[in-house]
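For reference, TrEMBL has these:
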| type | residues | note |
| --- | --- | --- |
| DOMAIN | 24-125 | domain 'Ig-like' |
| DOMAIN | 132-230 | domain 'Ig-like' |
| DOMAIN | 239-323 | domain 'Ig-like' |
| DOMAIN | 338-432 | domain 'Ig-like' |
| DOMAIN | 440-533 | domain 'Ig-like' |
| DOMAIN | 539-626 | domain 'Ig-like' |
| DOMAIN | 638-737 | domain 'Fibronectin type-III' |
| DOMAIN | 751-927 | domain 'MAM' |
| SIGNAL | 1-17 | signal peptide |
Amino acid sequence: LFASCLYFFAFVGFALRGSTHPTPANAQIVHSGAACNVKDDNISERIYTIKEGDTLVLQCIVKGHPRPQVRWTKTAGSASDKFQETSIYNETLRIEGIQRVQGGRYYCKADNGVGVAAIKSIRVDVQYLDTPVLTVHQTISDVRGSYYQEKTVFLRCTVNSNPPARFIWKRGNMLIEQSKDNGVDIYEPLYTQGETKVLKLKNLRPKDFADYTCQVSVRNVCNIEDKSVTFRLTNATSPPMIRLSVNDTVVVDPGQDVLLTCEVTAGFPQPTVLWSRYPGLLPLSAQTRGQTLILRAVTPADAGFYNCTAVNNVGNPARKNVNLVVRTMSNLTFQITPDSNKDSETIQMGRDLKLSCHVDATPQEKVNYTWYKNGVPVYNSDSLILLRSDPDMAPGTSSLEIVDMKFRDLATYSCVANFPGSRVPELRVDVNISQNSVSPPVLSVPPGGQIVSVREGGNVELVCLVADGKPRPPILWSRTEKDLLMPSGTPVVETPDGRLRLRNVSRDMMGAYRCQTAPYNGLNIKRRETQVQLNVQYPPILDPVFQDMRSRNYQMVTLRCAVLRSNPPRLTDIRWFRNGDFIRMPMPDLKETPELKFKLEPANNGTYECRVSNSAGTSTCTFNVTAQPYNAEFYFDTPNPVRILKGNNYSYNLQWTQRDPEATDRIIGYWIVIRKQTLMSKQIDLKGKEPEKGVLMSHTVSDLRIPLSYEVRLAPITIYSIGDYVSRIIHLYTKPMFHLTINAYLLFVYHVCGFEDERICGFSQDRSDVFDWTRQNHLTQNPKRSANTGPETDRSGTKEGYYMYIEASRPRVQGDKARLLSPLFNVSSNRGPKGSGRVPYCVSFYYHMKGKHIGTLNVLLRVRSIASVDSVIWTKSGHQGPDWKKAFFDISPSGPFQIVFEGIRGPSFEGDIAIDDVSITIGKCKIALAPAGELADLWPLLLPLTALQMMSTSHSAAARLC
């Protein structure tokens, strides 16, 4: 009967089918990184505690059909920039060397387009402990009625940590206890949130001059060791004082060397001097020698505030700032302003005229302007007035006013700007004032230049010329729309010749551009302006760009290619192609939507293109038209897909659904290809039954070996074609066991966890214990391990098979505990036998307890409710022999539960305890075989079953028949 039922399961293989419509995504977050602790904060969220610098690994276990897509996010938006090089679209999120700023709530979102996306969260708590900082502060006050002063010292210890640190104060090697010393107070200042403790030494005594240590601890959370800092308090202890060797502001020429010295004048212990800069870091060329900062060959980029800070942890740090200014001078411009009182735009005799000169310089206020007339310096007079800083102009502008202009004032005027005593070259500008040399500008656009057309991606030149006027000012370009920037990214672009050159033009550059005269290097009058329209031409924008079309052969197919936008809008050509060959047909109407109708046949399957053109170019709609069936979609949530056949030979129940099976010709079968070292390929015959949408199909893949992985590829077949292959990997990482019991003629099959995968089947370490269980096989054993304890191989006897064990060697001591937690089982959706409110479960496992120092192995039942309750349900102690032994028992939990394996270390190192093949299944462990007579009556029922009958039998009916 056992062999026949094995044959039954192998034979029905493909025939077992069940209806499954697309199911919404379901998600669960598990961890496999360097977690210190994982605990439940409430029913819906878990807290993952990890040490700063360790590796964070979160895995999102998803279910649903089709297979959901996974995306990781973090509170306050996607944290992809914080995930380093890890993809946020993988099921596994890995962050190497996690930092404290990366703590927070992480979300796994699984979505397959069916229903509402599943979202699960886990809070990552990054634990850390910095080295504490100890500072000393003192106060001196008069005591009324006495002739002495009271000196009080405050030792302030501050640390950054998570969780909050515990503080311990020591004087020398002696612990300071406030209750035993009236001369001290220990308190936490207000608003410090636990990160600061103050030791107050009242009315300083001789014994108070000593070494003080502040020790901080997070109680060995995540194995973070305690840290401490020590300070020696003496009667010479004093805060730092400093002075600078230079003034608060230092102005230098480019290329000069600068030496800044910060002299320490007081302070004990000897203060440490640090130099910094704001904004930015110190220049790369900066050198520090003791208290002196040396800057070699400074440039304008080296300008800024340089800060000297002296620190000795007594009182407040001493700080001094130096403002380093590097002289620069550029862009000397001039303006000619006619008599503004008369609204004049020309030079007229008898009226006033102003000449202005401005240079962009640093420091602006140190610039010296000198005016010349025909090369002779100009001084103040009744007719010539010099303004060092003209209040009517931009700050730092010098002006020369000519009052009641006469013919003698017609001359060449020069403005020279310089820094007195500086090596920065002076700048000079000349302005010729005569009746013919100054006239208002006239702005014009060349004929045909009001609207300029260019193809997208090309280069273009917008032209706006000063047709008349002296002197000719520069032309400023900007966009007429208020919020739009120029293609260069700036609001305004200056062109000396009025020609704006644009390269690689895109359609977002299209629009109106304003050109206007600059208010400098010419007459300071009302600005002239005009506009140029840029028209960017681009090929038609089509929809769809690509479309995959499936149809049955010998049916009519219609292809449409819609034109969404086009510039110019007039189309010049429409052509259809099949597999690159032109389709001859009447010229289509260029004003109608391009359309192609034809009957699909095996010979005309292929790629169709609709090429639509205008004068700017050609765009294409591409259609993949085929009777090829859609690909299959693997079903990943098959319960207990692995079956044992014989020895180490296994089968796998592969399940899938067919995507839109009615879209193409009838599917008659599937090609299945299985690859490991060799390639196996065969056809699965549907026996005349067509796939139905949302209905599971199955095929038993046999002759598989543990612990190997296989690539399975599957493609649907019609009478005309074969579909695309889809691929998945079968990981046979558990060690399944086939158990057959017949009780009321029902068949039960289940598998156990053999810890073959690094994820250990969802088991996790309990971080409230002392140490962890270790996953190991024969190949990974330490050659120097203890010889007289622990198993040689896993329970099955293979070198590749894994098991879990506790290592009893040092640093473990007697009584140390390690706990391994099973996944959480939710029993709320199950019902017990009739008359019982609780569901029975069978727990079985293999254990190995060899060695003269074996401690204890306990199995606990942890039931989740308002508070978790643990109860011991199985225990074994001492040496149990050299072989693996099996244990099993029944449980009936009252709510969601976990099984806890607790290993307790014995008196010495020969005490390794191992477990393997853990099984937790619904139903009692007792095996009740049907009477022999009933088995004999059952046997004839199996023989008349034909292959077709067995393939058309449902799961439960087939099981009952077996």
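Each position is counted from 1, following the chain as shown.
Glycine is no exception: its Cβ is also placed from the backbone N, Cα and C atoms.
Taking every listed stretch (239-323, 338-432, 539-626, 751-927) in turn, the largest tally of C-beta pairs under 8 A with the domain 'Fibronectin type-III' (638-737) is reached by 751-927. Shown for the domain 'Fibronectin type-III' (638-737): DSSP residue counts in helix, strand and coil, namely 3 helix, 59 strand, 38 coil.
Taking H, G and I as helix, E and B as strand and the rest as coil, DSSP gives the domain 'Ig-like' (539-626) the counts 3 helix, 53 strand, 32 coil. For the domain 'Ig-like' (440-533), DSSP puts the residue distribution at 3 helix, 46 strand, 45 coil.
In the predicted model, the domain 'Ig-like' (239-323) has a mean pLDDT of 94.
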